[in-house]
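The following features are taken from TrEMBL:
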DOMAIN    6-328  domain 'Acyltransferase 3'
DOMAIN    389-597  domain 'SGNH'
TRANSMEM  7-24  transmembrane segment
TRANSMEM  30-51  transmembrane segment
TRANSMEM  72-92  transmembrane segment
TRANSMEM  132-151  transmembrane segment
TRANSMEM  158-176  transmembrane segment
TRANSMEM  188-206  transmembrane segment
TRANSMEM  218-235  transmembrane segment
TRANSMEM  241-262  transmembrane segment
TRANSMEM  274-293  transmembrane segment
TRANSMEM  313-331  transmembrane segment
TRANSMEM  343-364  transmembrane segment
Amino acid sequence: MDYRKDIQGLRAIAFLLVFIFHLNSSWLPAGFLGVDIFFVISGYLITSIILHKKGNNKFNILEFYEGRLKRIAPAYYFLLMIISIVGFFIYLPMDLGLLRRSLITAGLFVSNFFFATGDSYFGAKQAENPLLHTWSLGIEMQFYFLLPFILILFKKKYLPYILAGIISIILGYYQYRFMVFGQESGTYYSLLARIPEFLIGAFMSVTLTNGQIKNKKYSLPFALSGVLLLIYGLMSLDANSAFPGINSFLPCLGIGLILISNDNFITRLLASKPLVYIGTLSYSLYLWHWPLMAFQRYREGVFEGHQFDWKEIFIISILTFALSWLSYTFIENSIRKGSTKKFLIKIACIVVPFGIATYSLHWLSKKFEIPYEFTQPSFATGSHNVSHVDTLGDRKDKNPNVFLLGNSHANSIKPLFNVLGEKFQFSIKTLTSDSFPALEGIEKREIPEREMLFYNISRDLVPQTKQHIESSEVIIISADSFNEYPSVTKAVDSLAKTLKPNQKLVLINSYPILDRNPVRINHGFVKNSDYKFKVTPNNHSLHTIDSIALVNKNVLIWDISKASIYKDAPYYKDTLIYYDDRHINRRGAILLGKEIEENFKKKILPAIQN
């Protein structure tokens with residue numbers, strides 16, 4: 001197949017869309033379509049190459065796989081090797097295990113399955129994982145493995161119908177799932193869900209001779225239609241859209257129409273020198289841009305993600321292009337040339353150090369481990385996100401009539417209740433879940449996709465929490481999301497209205513939150529930075545629970561946000577009492593419990609002992 005500069009230009013557009021989206025998704029909410037453009041291009045090119053060689057009786061499937069490895073592996077494994085080394089210096093020991101698992105799955109080209117499981121609530125978020133973008137390369141390699149069999153098994157004259165049928169069946173299947181189950185977290189990373197995007201490119205290749213329109217009078221209308229379909233996708237989609245599936249079809253079809261067009265002003269524009277240059281570097285650019293952003297987000301220690309300022313954008317852009325040029329020139333373009341033997345020797349010089357560095361991360365994470373009491377909610381975590389109920393406080397009390405539930409804030413103050421229970425001789429049952437208290441009535445339609453995994457976990461625990469609520473005299477709820485979603489407020493209010501006369505509901509106004517993750521800022525649990533943390537009290541949540549208590553006489557408010565241990569937050573005597581920007585650690589919870597004993601004795605204990 002002849003070299004086409006316009007396809008390099010399309011690759012440049014694809015990268016720029018992704019790059020802008022990753023810098024700030026609000027600038028280009030549908031910039032993620034850049035990945036789909038890459039998929040359509042791959043389907044088109046690989047199909048064209050295979051069919052051309054098959055037509056000349058020169059296709060060899062092993063040579064095809066070898067060619068794909070030579071194209072993808074050198075720069076890819078070099079990146080993984082660098083990340084495994086740099087990650088040790090940037091990541092905290094507690095997060096090196098996650099980095100190691102990401103490296104292993106990325107190295108095997110199966111990271112899409114790993115990332116489909118969703119965020120871990122604690123530790124590094126996916127937006128801070130330097131290997132998140134490898135999901136698309138995993139899908140691409142998996143597709144390369146499958147496509148030759150389809151093209152070999154069937155005669156070319158049947159392929160358009162077979163490909164169109166596969167596209168229709170898969171799109172229909174996922175549309176059905178979207179209608180029945182809504183957006184599912186794993187779909188975005190699914191090979192099956194992405195196959196139509198590759199096959200749209202393949203369809204364009206097999207339908208037309210040489211994969212292009214012969215009659216030039218149709219070339220410009222097709223190209224313009226393709227551009228309009230892409231623009232429509234960019235204007236109508238965002239991160240909350242049901243995607244991929246039907247919503248990916250029109251923009252991908254648009255790319256297919258551009259690919260089969262030739263010799264018009266759009267293809268000439270795509271073939272311009274700046275776009276061709278970026279397109280030539282696009283693979284390396286895609287590899288390097290995300291790790292730079294992810295490491296910076298992690299280093300900044302912002303729990304909900306980090307919006308880059310203009311200085312950061314400038315530095316990231318310069319480094320992305322510089323590292324990509326070096327990678328393309330000395331790794332990607334150099335190693336893939338030459339004999340198979342030379343390639344294997346050169347790639348081994350990258351893969352072996354990568355393997356050693358990745359294996360060493362496990363040992364290094366243990367050697368430099370920060371004590372769990374400073375970095376995790378390490379008490380009674382067996383009753384968090386699982387259907388097991390722990391008992392805190394006085395173990396001699398065999399009939400606990402107090403039940404603690406809520407989200408991660410409730411989980412983090414379990415040590416506090418253990419201290420108070422031992423002090424005042426009562427026991428407390430507890431079952432907590434990330435992000436959402438396991439209460440009836442929290443509506444799925446309000447929940448963003450990034451929280452859907454945690455929402456589903458909390459829904460699974462609702463029947464069990466309901467039983468314990470009914471059998472307890474005092475129900476305690478701690479959460480920082482009382483006011484975040486209307487249905488959470490409504491669910492708490494509904495619970496308050498259904499209390500029995502002998503029941504009390506205690507709503508906790510939680511501790512203040514920070515603007516940065518203090519463990520990352522200090523790279524440890526001892527004060528090692530002059531950074532001035534912004535400490536924000538939970539006033540909005542307090543207003544919400546006050547309004548519930550005002551109309552429900554059996555509701556008590558317990559405000560733990562004003563204790564003196566927050567005076568130098570996140571430190572207490574130069575040692576951390578927070579394990580991230582939103583949660584106190586075990587040590588902080590124990591200190592808080594000891595400080596507010598008298599306040600608890602006065603405001604809450606009478607309800608328990610009544």
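In case you wondered, yes, glycine gets a Cβ from its N, Cα and C as well.
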Note: vs the transmembrane segment (30-51), the recorded stretch with the largest number of Cβ pairs under 8 Å from 72-92, 132-151, 158-176, 274-293, 343-364 is 132-151
Quick one: find which recorded stretch in 132-151, 218-235, 241-262, 274-293, 313-331 has the most Cβ pairs under 8 Å with the transmembrane segment (188-206).
241-262
Listed stretches 72-92, 132-151, 241-262 vs the transmembrane segment (274-293), most Cβ pairs under 8 Å: range 72-92
Paired segments the transmembrane segment (313-331) and the transmembrane segment (72-92) in contact, 3+ CB pairs under 8 A
yes
Cβ-Cβ under 8 Å with the transmembrane segment (241-262): same-chain residues at least 6 beyond its ends
6-7, 10, 30, 32-33, 36-37, 39-41, 44, 171, 174-175, 178, 182-183, 187-188, 193-194, 196-197, 200-201, 203-204, 208, 211-213, 216, 219-220, 222-223, 225-230, 232-234, 270
Contact set of the transmembrane segment (343-364) with the rest of its chain, CB cutoff 8 A exclusive, min separation 6+ beyond the ends, reads 70, 73-74, 77-78, 80-81, 84-85, 87-88, 93, 96-97, 99-100, 103-104, 107, 331, 335-336
For the transmembrane segment (158-176), the distant same-chain contacts (Cβ-Cβ under 8 Å, at least six residues beyond its ends) come to 150-151, 187, 192-193, 195-196, 199-200, 202-203, 206-207, 244-246, 249
